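Written below as structure tokens is the structure these notes are about.
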Amino acid sequence: MSADLRKRKKDTTADNDAPQEAQAEEENKKEKPSSCRYRFLWKLLLGLLLIALLFGIKIHRDNELVRQQEAALRTLGAEGLFLFSSLDTDNDMHISPEEFKPISEKLTGISTTSDYEEEELLDPNGETLSVASRFQPLLMETMTKSKDGFLGITHSALSGLRNWTTPVVPNNVFYAGQFKAFLPPKNKLEVGNPWWIIPSELSIFTGYLPNNRIYPPPPKGKEVIIHKLLSMFHPRPFIKTRFAPQGSVACIRAISDFYYDIVFRIHAEFQLNEPPNFPFWFSPGQFTGNIVISKDAAHVRHFKLFVPNNRTLNVDMEWLYGASESSNMEVDIGYLPQMEIESLGPSIPSTIYDENGNIMESRNAEGEAIEFVFEDINWQSEMTFEEAARKLEVTMYPFKRVSYYPFPEAFDRALAEKKLVHSVLLWGALDDQSCUGSGRTLRETVLESLPVLALLNESFISTWSLVKELEELQSNKDSYATFASLHLEKYNFPVEMMICLPNGTVVHHINANYFLDITSLKPDEVETNLFSFSDGVEDLSTVTYIKFLKEGLEKAKPFLHS
């Protein structure tokens, strides 16, 4: 009985509590949105305050930096500030010991050990490779400015160029393991499959690196061996060029059981002047070459690196006349007869053992060096050096997916295939780093556009030529001299694009500067009747170049059918 009574009381209490809990829960639900809203507003307010604080700190730091730069300008002058800025690589307006090191080495004549090294430690007992550098200075008379005796050019501007007559390190010794950077990645082990040793970080969209620099940044990783090699020529090599395409690319030319023959192409440049003179940039068209190396990088059979000298001009030069990036700049091009590094023989063990495991002297009783006999390499799969170099060229320059033939051959092919000639005439090579500014823009934009490539491949034979080469060809007495004269009559600095008949007649042409001007218009400035955005092509430069090519085809019809 008493138990039933307790149960009824408990049930009554539970029934009374249920409405109260429901009521409390309902009130909490009403309060919860309001509470969440307040918490959200507080978080938003705190976030905005934090952003404002960070923005204020940035403004303060920027103002402080401007104040320091203005004070430095008053103290040092423009040229002094330029020298200071060239050393201040992190732009904090303070020179650290590491940043001061180039000046210290210059004043004391003592080069300290570099902090940077390969990512992997080298085997001190590994094989060593002896190499020699060969260098013949640029022929000053090949520069355009030489025609008027370098009128208006200060002696100090060219001092670094004039004084560079020999390599700074004629001979050097490397560990074979240092050349491991040239080995292919695991997914590029086939003949003719290119890979990037040092990737390019620039494009037409990212712009270019500053001109007003004196000293190169410390190399990292795979850049180290290339930096050390090029430092044999000059103490200030820049492994990352100012203009695209940067970097180094390679592919396997041949494979055997134990060796690769690897062809490579390197884009690098040098800054020749020393403070207080302003920078002078020396940009060879390219470094190319090959290395025969064991698959484990323990042995190097052969190594050669060189600047091709088969063209009449192969080096671009640019120098500043002021301390800022906007200062006046002179540009010229010239011919470099020789710039190469070659191994003096295969790599050899640093320690020599006899058949009993005893260490031997490196020279015999007569004092002559012990000669090593190396087995012949039987290549199982291979291509020619030229074929491999072509693969690398297309990797660096996608516009070369269309073949560009030598000037005479282009007209012979056009006659045989009944096509027109698409010709680009300029004063720096279109397919290397000696190219001029507007030529660079063309090859990195419109000439590599897929619609343009398709039309060129279908209806034209393409060629590009140096002005200097056609001037020399013009002086000959063969039929191509007339073709050269017809080209030069239409040429305007710096680049002229032409459409020609197989007999050399120029039926249509456009200057690169004019082309770039009209294709840089804003969309609302473009006359709709001037351009037709058909076939799904919306890029103005591509549309304009296709229009130029089609106009050439149209203008050639009366001549082709006559």
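Just so it is clear, glycine is given a Cβ too, placed from its N, Cα and C backbone atoms.
From the options 1-30, 91-120, the stretch Swiss-Prot describes as region 'Disordered' is 1-30. Cβ packing within 10 Å was compared across the glycosylation sites N163, N310, N457, and the lowest neighbour count falls to N310.
Within the same chain, the residues at least 6 positions away from N503 (N-linked glycosylation site) whose Cβ sits under 8 Å from its Cβ are F411, L415, listed in sequence order. In this structure, the C-alpha atom of N457 (N-linked glycosylation site) lies 27 angstrom from that of N310 (N-linked glycosylation site).
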